[in-house]
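K.L.:
The active site annotation in TrEMBL covers Lys288, Arg362. Per TrEMBL, the feature Mn(2+) 2 binding site maps to Lys276, Asp281, Asp299, Glu360. Taken from TrEMBL, the feature Mn(2+) 1 binding site covers Asp281, Asp358, Glu360. Summarising the annotation, TrEMBL assigns domain 'Cytosol aminopeptidase' to 356-363.
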Amino acid sequence: MEFSTHSTASLHQVKTAALAVGVFADGVLTAAADLIDRASNGALRTVVKTEFRGRQGSTLVLRSLPGVAAQRVVLVGLGKQDEYSARVHAAAEQAFAAYCVGAQLTEGASTLVSVPLEGTPIRARARLAAIGAGNATYHYDESLGKPDRDARPKLRKVVHCIERGDATQVQAGLREGGAIANGMDLARTLGNMPGNLCTPTYLGETAQKLARAYKTVKVQVLDRKQIEALGMGAFLSVARGSDEPPRFIVLRHAGKPAARKPAKDGNAGPIVLVGKGITFDSGGISIKPAATMDEMKFDMCGAASVLGAFRALAELQLPLDVIGLIPTCENMPSGKANKPGDVVTSMSGQTIEILNTDAEGRLILCDALTYAERFKPAAVVDIATLTGACVVALGSVNSGLFSKNDALADALLRAGRESLDTAWRMPLDDAYQEQLKSNFADMANIGGPPAGAVTAACFLSRYAKAYPWAHLDIAGTAWRGGKEKGSTARPVPLLMQYLLNQL
Ligand code: BES
Ligand code: MN
Ligand code: ZN
């Protein structure tokens, strides 16, 4: 998608297929709507008295207004003016782009970025606008037999009409948002692809493709032999149940050293992102019920978010040092699969009694967390569709955030709020560690039904003692089930906002 800017002064002269102007509840016109109203001899004022009252989420299309060069003016409802928020703004931009997509337009122009919003500077509004347009133009056809050409969005360009002095900030925000949208696009498609196509091998190839496309990205894809040589006994125990070969993917984005800034807290190490890459989670011998088991193809959404973030990072050429680690395999039942009661030895040397083979995410992540030590990281954030218990606790609104490091936790929570991709902090008290006691190993891989999301995080914490660490449980936020089934690309916006905030 291409973005550009135009001056609001001559709004009525903007030649475009569709021009979006905002209207608040009770027909209160925004400045841009007022300009169009004057140019068209009061065409808007008449309409907002009756059929269009500015209800949030509603749109009304007016064609061929006198005195207005745009072919269509799209009125976009912004709801009550005193309730206007970043979320409403982002939704309005998305609704406008969705209208353009539905009408099969190739380009449009929007004035919505210039609607003032206290606490959300214009650069952030532009970023959200680009992400909204990206959401509206997303299209999946990777596994369709005969892709429908008409279903493919044609919208290529959105012009943002702003005041001249804002151009630099808006262009920066659009560039950031555009890159985040592209990262989300990759994450979403990987999530949506079926498990027989999006295999560990495919994720490895996707990482290598990123390295070929961007010279700041270097990638290593380790195969089973190399993973064995590292001693990743917990990860390999999960992979063993499947005929699909595992991969351990190591990505590095190194921004230009000259431009690279030292981390604010003085710690010079890289930021490490670790993504759970279970390309299908059947549960293994502790097999899951059949209903909605298909959704366990989404169990690699943590990995997808890391790859998506890397695409955005590389496109923006951020002057940061970032490592991505992706342990990826299937969790399947077979004659070679883990059995309840088995004891495996992790790369750290700690042994684990596997009481439930369906608690596999922590088994692959713990070895990746040990591997992360070699980078002497400034911070490690793991991202995983880890527990059904987190869905029970937080639903699909917030990702679960677990960390003993207040500064890191606050930075991630803030990034979530700024990017409208929110997380909620969960407890990680040592008292919960009790539940992981085993009679036959250093720990069990489950802690029983109480506080299941917390004991999963407690398990991981035992492998993350060498650096500041946070865990994001995205089981409830990474995809939607039911009629709207599909990946959300969360938490790519949160991760990218966190990285942008380092600069
Ligand atoms: N991938 C699942 C977690 C999950 C389940 C995410 C449902 C979204 C929806 C994970 O590997 C898993 O199976 N966790 C178990 C852990 C339990 C056995 C302690 C769970 O949550 O049931
Ligand atoms: Mn599982
Ligand atoms: Zn899983």
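Keep in mind that glycine also has a Cβ here, set from the backbone N, Cα and C atoms.
Keep in mind that TrEMBL annotations are predicted by a computer and have not been checked by a curator.
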K.L.:
What other residues of this chain sit with their CB within 8 A of the center of the CB atoms of Lys276, Asp281, Asp299, Glu360, the recorded Mn(2+) 2 site?
P.N.:
Gly277, Ile278, Met296, Met300, Asn331, Gly361, Ile364, Ala384, Thr385, Leu386
K.L.:
Calculate the distance in Å between the alpha carbons (Cα) of Lys288 (active site) and Arg362 (active site), and round it to a whole number.
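P.N.:
Approximately 17 Å lies between the Cα of Lys288 (active site) and that of Arg362 (active site).
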K.L.:
Could you give the Cα-Cα distance between Asp299 (Mn(2+) 2 binding site) and Asp358 (Mn(2+) 1 binding site), in whole Å?
P.N.:
12
K.L.:
For ligand 3, list the recorded positions among Asp281, Asp299, Asp358, Arg362 whose CB atom is within a distance below 6 Å of it, in sequence order.
P.N.:
Asp281, Asp299
K.L.:
Do any residues of this chain, six or more beyond the ends of the domain 'Cytosol aminopeptidase' (356-363), have a C-beta under 8 angstroms from a C-beta of it, and if so which?
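P.N.:
Distal contacts: 234-235, 237-238, 241, 276, 278, 281, 283-288, 299, 331, 333, 337-340, 344, 346, 384-387, 445-446, 456, 459-460.
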K.L.:
Distance check, please: Cα of Asp358 (Mn(2+) 1 binding site) against Cα of Asp281 (Mn(2+) 2 binding site), rounded to an integer number of angstrom.
P.N.:
8
K.L.:
Does DSSP give Arg362 (active site) helix, strand or coil?
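P.N.:
The residue in question, Arg362 (active site), is helix (DSSP, three-state).
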K.L.:
Just name the most isolated of the recorded positions Lys276, Lys288, Arg362, going by other Cβ atoms within 10 Å of its Cβ.
P.N.:
Lys288
K.L.:
Just checking: which of the recorded positions Asp281, Asp299, Asp358, Arg362 have a C-beta under 6 Å from ligand 1?
P.N.:
Asp281, Asp299, Asp358
K.L.:
Other than Asp281, Asp358, Glu360, which residues of the chain come within 8 Å of the Mn(2+) 1 site, judged by Cβ distance to the Cβ centroid of those residues?
P.N.:
Val238, Ile278, Ser282, Gly283, Gly284, Ser286, Lys288, Met296, Asp299, Asn331, Thr357, Ala359, Gly361
K.L.:
Most Cβ neighbours within 10 Å: which of the binding-site residues Asp281, Asp299, Asp358, Glu360 is it?
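P.N.:
That would be Glu360, with the most Cβ atoms nearby.
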K.L.:
Could you check which of the recorded positions Lys276, Asp281, Asp299, Asp358, Glu360, Arg362 have their CB within less than 6 A of ligand 2?
P.N.:
Asp281, Asp358, Glu360
K.L.:
What kind of secondary structure is Asp299 (Mn(2+) 2 binding site) part of, going by DSSP in three states?
P.N.:
helix
K.L.:
In Å, rounded, how far does the Cα of Lys276 (Mn(2+) 2 binding site) sit from the Cα of Arg362 (active site)?
P.N.:
9
K.L.:
To the nearest whole angstrom, what is the C-alpha distance linking Asp281 (Mn(2+) 2 binding site) and Arg362 (active site)?
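P.N.:
Cα-Cα, rounded: 13 Å.
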